[in-house]
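Report on the structure given below.
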Amino acid sequence: MLDFVQQLVSGVALGCVYGLIALGFVLVYKATEVVNFAQGDLMMLGGFFAFTFIGMMGLNYWIGFAGAVAAMALFGMLAERIVVRPILGYPQFSIIMATIGLGYFLRSVAGMIWGTDDFKIETPFSQGVLRIGSLVLAHDKLSVIAATVILCALLWLFFNKTTLGTAMRASSENMLAAYYMGIPVKRVVSIVWAISAAVATCAGVLLAPITFIHSNVGLVLGLKAFPAAVLGGFGSIPGAVVGGVLIGVIESMAGFYLAEGWKDVAPYLVLLAVLLLKPEGLFGLHARKKV
Amino acid sequence: MRFLFKTDYEDDIRLFPHSGYVASYGLLLAVLLIAPYVLSSYLMSQLVFVCIYATVGVALMILTGFTGQASLGHAAFLAIGAYTAAYLQKYNVPFPVYFLAAGVLTGCIGALVGFPALRLQGIYLVIATISFAFIVEEILARWESVTNGNEGLRVKAVSLLGVTVSRDSPTFYFLCLAVLVLTIVGTLNLLRSPTGRAFVAIRDSETAARSMGVNVALYKVKSFAISAAITGFAGVLFAHKLSFISPEMFTLQLSIEFIMVILIGGTFSLHGAVLGAIFIVMIDPFLTYLKDDMPGIIAGIAATFGAGTATAANIQSKVAAFASLNGLKGAIYGIIIMLFVLFEPLGIYGRWLKIKLFFQLFPLYKRATFKRQKIYVKSERNR
């Protein structure tokens, strides 16, 4: 039983990271119907920025964290301006390929700048553990869970209660109509990319104590975040986090109870099952063209 | 400019619209047939890879280019073909038999993948095919009794009619070329048949195709099966060419390379698959060439512009250091994908058509001819 709870908590922590990356997908998807295959790589880059600020320049953890988030928000806007904006409105596949290309580019450049070693960021949560009876919970894992819940709540409020959030949902439905209603669609898209890069950075920094930061971490985790996003239903903010947690728990349970090899496949098996049985996911809406 | 006067439907679907086509393709075929006796063995080897990649490109073109179903899992189909060949070869099954068996098995698996894909489109389909490829990769690594796990399998040379065909011999090249040409001709015939027209109708609008009486589900599964089967054939040749296969060869990276083949070539014509294959296969030796020769050339240019010997040598060593950076190749790949998507969405073959039209219509050519329509409305995107 203790093992089970232990696995459950570490699965939830891992799942929260997937959920945070999936949140990035969902934000961009909600606002522009574009899927960003470079989301994991944005996370990786955010982790490296934070490592540069904290590990190499010796800044305070929180200042470095904030600096990395700000830098990555700017970077997200830049990436949107250069790569995505010229092809908005073209078939989804073009944008998927463009972001795959962007991911390739970021991964290689990060490898060139920071090398291919693993890096670790010293955080205030690295050492401590929380003991409940004989259950041992590491602070770094708890910090991921707490941050995910907070970020998810903030983003949900942002999307559903603020004017800018409403503008984003509107431009997702119909960019032209939104533009005619006075919504600056280009700026909205730009802001969405900034937010999603910032969320990715949070994921990267929080992840750093659990899995180390290296140039391929984005690819590995980014691809695991897809099942999370699909399970939750693309386009639903709470869905992304719930999906992420479910995938994380399934993965960590499969790693513990099933034979070797199931751990890596389980998320994708779940994904295929979801796509077969309920393609719109747990919280998603199914849209169909009406003639 | 040549005007073709078509009087009936047979004229419209002819493989060679006029004699110019026969002459130019005949010439191309002749060049390809004498190539092994002229080119160096390294270039021949690359040419074999071009044939294999182009075959996969044609397969992907049927699925993605003509049926509109994106797949990022074709490396898995290639792997299934390659492993079928390697496994059957251990039991002394003759080449023609396992060649066909690989195609049939891969085709059946392709059809199985096609069924779940019926309900999916766009991004969901891409994700589903990626997951399928991951699962296949993991199975290959774990099913050790058949695949020998991560240690991989050796593949012996092809033995055709009692003769052993080494993977570097011209005969093997002719085999690959024959498979490619047969695939292309077969695909062209398929595309001008009712099946091909149904594929294109589904690509252009699923709703419209369905309301015209096209059985969308049937044709999607057919498209998946045909595409997978052709990829399986290519997989057999791939295994023989490499003479060793292991699961880590068939990763997402390879699937992306295949998509790059059709993306760079141009996703609307079979020419694109071949041109893209040439581009993807030749980019590697080209980059190596640049890496070896570029530092010297740049230093030479610097020297002619009045830089001293020491400065030139300094520049040369710096450029050499940059060129040998780890991962530069990945960055260049990424940039190439982005540049093509952004600036040349119709690919190399599209550029060729544009240039051709420019001279045909001179001076009346206008850029807008090739402009694509942008869709900003969500409901229009759900097809």
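Glycine is treated like the rest: Cβ placed from N, Cα and C.
What TrEMBL lists as transmembrane segment is B:21-39, B:45-63, B:95-115, B:122-143, B:172-191, B:212-238, B:258-283, B:295-315, B:330-349.
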Among the ranges B:95-115, B:122-143, B:258-283, the one whose Cβ pairs under 8 Å to the transmembrane segment (B:45-63) are most numerous: B:258-283
Cβ contacts the transmembrane segment (B:172-191)/the transmembrane segment (B:212-238), at least three under 8 Å, sequence gap 6 or more: yes
Annotated stretches the transmembrane segment (B:258-283) and the transmembrane segment (B:21-39) touching (3 or more Cβ pairs under 8 Å): no
Chain residues in Cβ proximity to the transmembrane segment (B:330-349) (below 8 Å; excluding those fewer than six residues from its ends, i.e. six or more beyond): 260, 262-269, 271-272, 275-276, 279, 283, 287, 370, 372
